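> So Swiss-Prot lists these for the protein:
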COMPBIAS  1-15  compositional bias 'Basic residues'
COMPBIAS  25-46  compositional bias 'Pro residues'
COMPBIAS  69-82  compositional bias 'Basic and acidic residues'
COMPBIAS  120-152  compositional bias 'Low complexity'
REPEAT    208-237  repeat 'ANK 2'
REPEAT    241-270  repeat 'ANK 3'
REPEAT    361-390  repeat 'ANK 5'
REPEAT    394-423  repeat 'ANK 6'
REPEAT    583-612  repeat 'ANK 10'
REPEAT    676-705  repeat 'ANK 11'
REPEAT    709-738  repeat 'ANK 12'
REPEAT    742-771  repeat 'ANK 13'
REPEAT    775-803  repeat 'ANK 14'
REPEAT    829-858  repeat 'ANK 15'
REPEAT    862-891  repeat 'ANK 16'
REPEAT    928-957  repeat 'ANK 18'
DOMAIN    1019-1082  domain 'SAM'
DOMAIN    1105-1310  domain 'PARP catalytic'
BINDING   1227, 1230, 1235, 1238  Zn(2+) binding site
């Protein structure tokens, strides 16, 4: 594929000449340089180079997209930071600078060249002036290494603004020009004098529309940058290329300025017009310090530019290590080990925070810091995303290290950040094993308090208790484990578990850190059975007045949480109503502070003293709100007042005006004490009074308030399907998973009542569809039969997977979201919906999933991608669709099976053809060392695979052999040339003459053309041992050697003679007799076991000499038909010339006769006109073609014009198919479609077109249209860019020339410019 280029308009570059220093006269512009030979102006190129194929630097890099690619309009100026903007800077010594634009990144464009458009139209030709533009300092870069290197001298001044800018370009005012120059030069005192709020963000309208901050940042003027920022400079300001000041600072490596801009809010992921981020700029230039600073401030290294390149793809070799996390990795690890905070923070980035050491235990920084008790380092690493679950070579996590060495604080930190307390290494040792075996008593207690299980055994069958070195520790481990188990059961208010774990010795067990007892945990529990658990604990002897570390009794805890049901139990068992905590507060203080009116009333009724003053000097009333103060001042039990009653009724009726009159902070959460203890919000939510609900929520209504049955207002709204109310409540913080006394959640209510939209709302906000009510039913269990939409909704991922499997597109469309499109079948093979759609041949579903972002290369449990499924079951259309979405055709599963292995093993012929046409590698082996050919079950698939495999990869019995003859060894008379002395393509299309090779050996005449002497096999070049091996009968060699039977003796033997010498198997005798007959008759290729090759019936390849006119004509045709294609170099690579290594003429008598016969038929059917053309053909099956000719089985029905054999008049088009359709997966060695190393092969063929059918749009055909012999696809606006030629019978083409070549990497723009100057 020819190199892609984006055409540019250069008129601004012509106008914006460099201005002389003040006081100097402007030199006249130099005349345009003369054109190089072969680069004459005009639309018709004089050579391939002149044809627009020279490397052309885009505004961003050396290989631009073609014009009209739709991504954006071509810019008027090359894209580069302001320090090198030639529109605003001039040089004091004009003689040293060419009169062309000083902007960086503009590559020379040959006259008449330019990038081809989307429809291959020629772009506007650049002026000669643009040919001498300065180029980037390195290929692929639009930025010079330094401002001075870009052609801006240290004494440069800003241009006059008007002079030389041409009409229509605004001039820069003198004051602004002076400010910009001061920013550029770093003259901070001058900047302070000139800058003000009005011009701090002024734009350089004569240049790149840059701000003063762009200039100061690009030139690294830190003091100026600081002052500009203080004056209000906009760090987000963009120039006309979309660059912000941070881009400039990063491109030129000013790390301090970069840090300053980032601290002032500059976006580290800002993208310019070509989607380049500051990290792209720094990486391209190898600015390591800047890369580190950017990554530390959140730069995303995965962002890709318009060309699909990430910062890593474009990075200078020196910066690649930073982007892979390998930069100074050893120093980072040492800093973590030694506790060197400064060094660590200088190197630490999100990309290396979890790096592993290259040797030793493969530890991460967190492993080392944890093991060496570097608490501050551990904190920093965790704050910066260190993985607490990372494993070293032995499977140890950082928690293992900390526990093994008894580092309590580090252990606490790791647990706080989610470390798995029961993580196991390769020997199944947990952190508790490590701590217990080393007698780390306090660490053991800490681990147990976080759920460590001392009963887990390692690979030796030993538990942590078994490994404890002392009886005291063993006893402590057992005791604390039981105690923590009881605490956990109490937290969950699990009555059965509490009964099971409860024992007298642990009834008052205290959590080591918080000193909470099981009773504290029970009264704090949110579960409905807390009251029963508390009663059980108290009956078994729990201390009702036990205090935790804050001196809070269970009553304090219950009062603070308004768990009024438990308070009744505590009161009954003698809880002290006026017990004081560490702040001198009673339970009444706690309830008052939390605003729990009912709790305060209850405590007062139990005898709490409202007059007690805390250590801070407050009574309970003084700590409460107005409603609490009123209650405590009255100190009498309340009943529903008339005002409260009227408020409740107004809320129920939706009387907003009355609600507004009666509602106050004191009664907004009043209760219906004679009923269910509902609040006004309960009533308004249940009766769908939206306006009342909204008013109550804005005036302090409690969304968590529970009635007598444990229902919150959200239960009411969901039960009755009031969507707006439910949405309001959720928005104001209502819990979607709250359960009533019967463990019904709002989702239970909505599901049971068939409220689809409510269910959807709740699930969207995190409702748990697996929660069970008291009867053990989930919301799904309560859905009525027939409510399939709700069932699907509640089944979640399972429903989407089922719909994909069954091919129900409507269900898939309804259920699919960006979050679940790649969900997994966790109960099965871990398949995605796309796996199932592909395996069950649900094309519409697969297409929908792919359009909406499904991962085309997602692997299931066995490592299979969707293409494996489609290939295994023979779903051709699905496979073609997956390939269209760039699936990996050579993906391997866990057993190294590729999709081609699957298709070959299952006998899927069409799929094998499709995969091979798109670059599937037939030589890949699975774990058993088998290629697809080894697994093939059908003969046609074997043939396909043999044709696609390179000769060196084929088994001996399948290897085709061609005789290679140097043309210099054959006299011209014996090999008539199809070419005249003139090297024109017209001379290549003459009649096909008989190319029999005389003199050398009459290879084209066949064995029958020569008399065989008695007892001699003519033309034979093998012994009996080779012959037997070729037939797979090596085991008979001993018999033949004993009987001294040679091939000429064998030729006269029949069944009886063979039987007499001991060959009893009829099959063996038959194979021997037929093999000799074919050997004598030269019938190659009919027996797959026959390995010998008779040169007189096979293919001869004549090596043409480079000085041969025929060689030169073919090469010239090949070089001159390189075109620019719309794929931007994606399929055939980026190049502008071939390196032709070898051209061989293909001579095969059988194929030639077949071609001539078909040509005669076509001519008779088309009024004696066979319409022959010389055309190019690229294919993975070239080796098979030169031996067997073109085969329709290689055709792909999904081609633009159906299952035909495609040819092109442009070599660059055929080059796109050398490795498969669309370039396949690239060369076999490097998997690179643009590989400049590997050799490629292409055919230059004689093609009999006969009567052609002109077609402008896609048409799927298996045969030529009636009355026609071929199809010509003509270029059109939205169709082909160049003509394609299609035949549907293989014998209509003959492979005349086999061309071996390489594509050549385009030269750097600077080299091209230098070469052009030298030629001039």
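Placed from the backbone N, Cα and C atoms, the Cβ positions cover glycine too.
A quick note: this is a predicted structure, and the numbers were derived from the prediction, not measured.
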> Applying the rule Cβ within 8 Å of the centroid of the Cβ atoms of 1227, 1230, 1235, 1238, what extra residues of the same chain belong around the Zn(2+) site?
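Neighbours found: 1226, 1228, 1229, 1231, 1232, 1236, 1237.
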> Sort the residues of the repeat 'ANK 15' (829-858) into helix, strand and coil with DSSP and give the three counts.
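Split by secondary structure, the repeat 'ANK 15' (829-858) comes out as 16 helix, 0 strand, 14 coil.
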> Among the binding-site residues 1227, 1235, which residue has its Cβ surrounded by the fewest other Cβ atoms within 10 Å?
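Among the binding-site residues 1227, 1235, the lowest count of other Cβ atoms within 10 Å belongs to 1235.
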> Which numbers of helix, strand and coil residues does DSSP report for the repeat 'ANK 16' (862-891)?
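Summed over the repeat 'ANK 16' (862-891), the classes give 17 helix, 0 strand, 13 coil.
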> Any same-chain residues 6+ apart from residue 1230 (Zn(2+) binding site) with CB under 8 Å of its CB? Would you list them in sequence order, or say none?
1237, 1238
> Test of understanding: give the count of other CB atoms lying within 10 angstroms of the CB of residue 1238 (Zn(2+) binding site).
14
> Cβ under 8 Å to the repeat 'ANK 12' (709-738), counting only same-chain residues 6 or more beyond its ends: which ones?
528, 676, 679, 681-682, 684-686, 688-690, 693-694, 697, 703, 744-747, 749-750, 753, 755, 757-758, 761-762, 765-768, 771
> According to DSSP, folded down to helix, strand and coil, what is residue 1227 (Zn(2+) binding site)?
coil
